[in-house]
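Q: After the structure tokens below, expect a handful of questions from me.
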């Protein structure tokens, strides 16, 4: 595995792969790698000649009161994990490398962002698109790999890629979970012991809701999830819990088409998200 | 020459060029081709294996009271000219092809746009960047060719390409002029006979100013241009006339560094721009 920190070296390496007509798979991450990331790397390895992973905690997608500074980082461990799992190129840029000066132009997410993380994390998806536009242009992947846990992010990125005709495929990989159902997340390390014990209720409540959706009663589905969540005591609050068509994030009108139930739960330090997508391919 | 109107065909053709490792030069235009465009095509032909030209009158870069509807169009003549001048691929998309639905994300120019066309044509450069982002991703050129007449556009596009690490070079080609000095422009057809006779004053006044800049007196340089312009009667007004550092479009502070004098003149129907860049490489 080759570790690269600067733009020029990355460009040269990518250019040489392109000349050799190697197929490039790209896994953009914020590091603190877990099995969810490794699932992306595994699929990328199956589908491509070369796997590029980026680790970059992107400041523009964090709000002023969010956890940019305290976001967990462990470069040595991440590097070892990436190498063990067959990453070919690990791109580890600094903030100064990715943002050498103020942007001449900014990107603003307009659709699919009026709800959930788009509503509660102002500017979050703008920052996601800005950094991904940069990374996609640098890495020039044939495919880029995202986890379904970040379903709204996936929808926004897919819309951006389609709108701007980016020559790459977005591949969405199912959420990887702990044995008790808790979605793998870098932020799980923020959980206290008791919170960790109770957090699997999130997935359990959403799974149960899958069945109830058949009755086509949005209010009841959501109310039952809240009842299930309320039986646990450790979380501070449900930041959001809602159902939409997927991937439009418009209100549910057609029960035959894909529907997402998405939740965000605030614990003492951890803000966790999860979702279930019902129907569709 | 191959004329292509749809995204899928263009993608297939570009993909085949990429596989053959052909170097692609790209000339994005709004059509109604003149010798200015052909100068870009000529350089592109010298520097590349394949020349792709797009003709697309892009609605998102026109304001509500601007000339989108009446912008001159002549597809048959343009097609013949492109073919005669060695264009390999002519991309002629419809508005529906380029904008199949509302954008998931928009791009907003933030720097180099507080003055001149950025100030007088609200949203103009946003639209320019949006359509160029789309076209760059589709054509995947090694180089893209722009005329110096659109100097502010060039500066904004260069900033965008640098910020977002687009893997292409922006090549800027000197403005092509009529024998009497008037900059070639698709909008020159809007000029009445008398306006056409007097319009060369724009270039003459700017040329004269080149010399006066040596005295480092911004107010006097600009006043003298206005005096020269005032000796002609046909134009309605000077929309803007100003001097800046180039390409930052910041106020002039360092006379050793490149300076642009830029002017926009409104005639009865034609809105013409021109500029002189002084100093620099």
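For all residues, glycine too, the Cβ spot is worked out from N, Cα and C.
Just so you know, TrEMBL annotations never went through curation; they're auto-generated.
This is the feature table in TrEMBL:
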{"type": "BINDING", "residues": "A:30-37, A:147-150, A:176, A:184-187", "note": "ATP binding site"}
{"type": "ACT_SITE", "residues": "A:37", "note": "active site, proton donor"}
{"type": "BINDING", "residues": "A:61, A:153", "note": "(R)-pantoate binding site"}
{"type": "BINDING", "residues": "A:61", "note": "beta-alanine binding site"}
Q: Using a 10 Å cut-off on Cβ-Cβ distances across all protein chains shown, tell me which of the binding-site residues (A:148, A:153, A:186) has the largest neighbour count.
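A: Buried the deepest by this measure is A:153.
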Q: Rounded to the nearest Å, what's the C-alpha distance separating residue A:176 (ATP binding site) and residue A:61 ((R)-pantoate binding site)? Just drop the number here, would you?
A: 23
Q: Would you mind listing, in sequence order, the residues at least six apart from residue A:36 (ATP binding site) in the same chain with a Cβ closer than 8 Å to its Cβ?
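A: Spatial neighbours, sequence-distant, of residue A:36 (ATP binding site): A:147, A:149, A:175, A:176, A:183, A:184, A:185.
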Q: Applying a 10 Å Cβ distance cut-off over all chains shown, what neighbour count does residue A:37 (active site, proton donor) have?
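A: The answer is 27 other Cβ atoms.
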Q: Near residue A:30 (ATP binding site), which residues of its own chain have a C-beta under 8 A away, given they sit six or more steps off in sequence?
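A: Correct list: A:55, A:56, A:57, A:58, A:71, A:186.
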Q: Sequence gap of 6 or more, C-beta under 8 Å: which same-chain residues meet both conditions with respect to residue A:61 ((R)-pantoate binding site)?
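A: Non-local contacts for residue A:61 ((R)-pantoate binding site): A:123, A:124, A:125, A:126, A:127, A:128, A:130, A:131.
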Q: So what sits near residue A:33 (ATP binding site) in its own chain, CB-to-CB under 8 Å and at least six residues off in sequence?
A: A:55, A:77, A:78, A:81, A:82, A:186
Q: At the Cα level, what's the spacing in Å between residue A:153 ((R)-pantoate binding site) and the residue listed as 'active site, proton donor', rounded?
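A: Residue A:153 ((R)-pantoate binding site) to the residue listed as 'active site, proton donor', Cα-Cα distance: 15 Å.
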Q: Indicate whether residue A:30 (ATP binding site) is helix, strand or coil by DSSP.
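A: In three-state terms, residue A:30 (ATP binding site) counts as coil.
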Q: Would you kindly give the Cα-Cα distance separating residue A:148 (ATP binding site) and the residue listed as 'active site, proton donor', rounded to the nearest Å?
A: 11
